[in-house]
Ligand SMILES: [Zn+2]
Ligand SMILES: [Zn+2]
């Protein structure tokens, strides 16, 4: 009845050509509310919203949403995959070598300059993957607990 200016999560799923299920809506909301969550954290977020869901179902939904471009999967070498709702801007990540914390890093200068390779070898480039590695503030200060 009321025309909403921003599409609902269900409408976004439908717009991406996906069947709308309560689990998929909950999963997309969980990923967007979270900060580079791993699969286990996403599963528990989805369970908080819609009750029991198997890990297998979470994997399948993540796969569908990632393929549809609603969710981005990042996989820092040596760390489990993380998922985020910030898609389409080719931003990068900084990863803590010690605890695995992940933070967003925008492209170094202006508009995705890293997509302009010095030599593209004839490829049509659509993504540049850059991972910054370092030590997060918590780990570098020795975290006195
Ligand atoms: Zn750390
Ligand atoms: Zn990110």
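Cβ atoms are placed via backbone N, Cα and C, with glycine included.
Small disclaimer: the values here were computed from a predicted structure and weren't measured.
According to TrEMBL, the protein has these features:
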BINDING   96, 99, 136, 139  Zn(2+) binding site
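Set side by side, the binding-site residues 136, 139 differ in how many other CB atoms lie within 10 angstroms of their CB, and the most is found at 136. Other residues of the same chain near the Zn(2+) site, with their Cβ within 8 Å of the Cβ centroid of 96, 99, 136, 139, are 97, 98, 100, 101, 135, 137, 138, 140.
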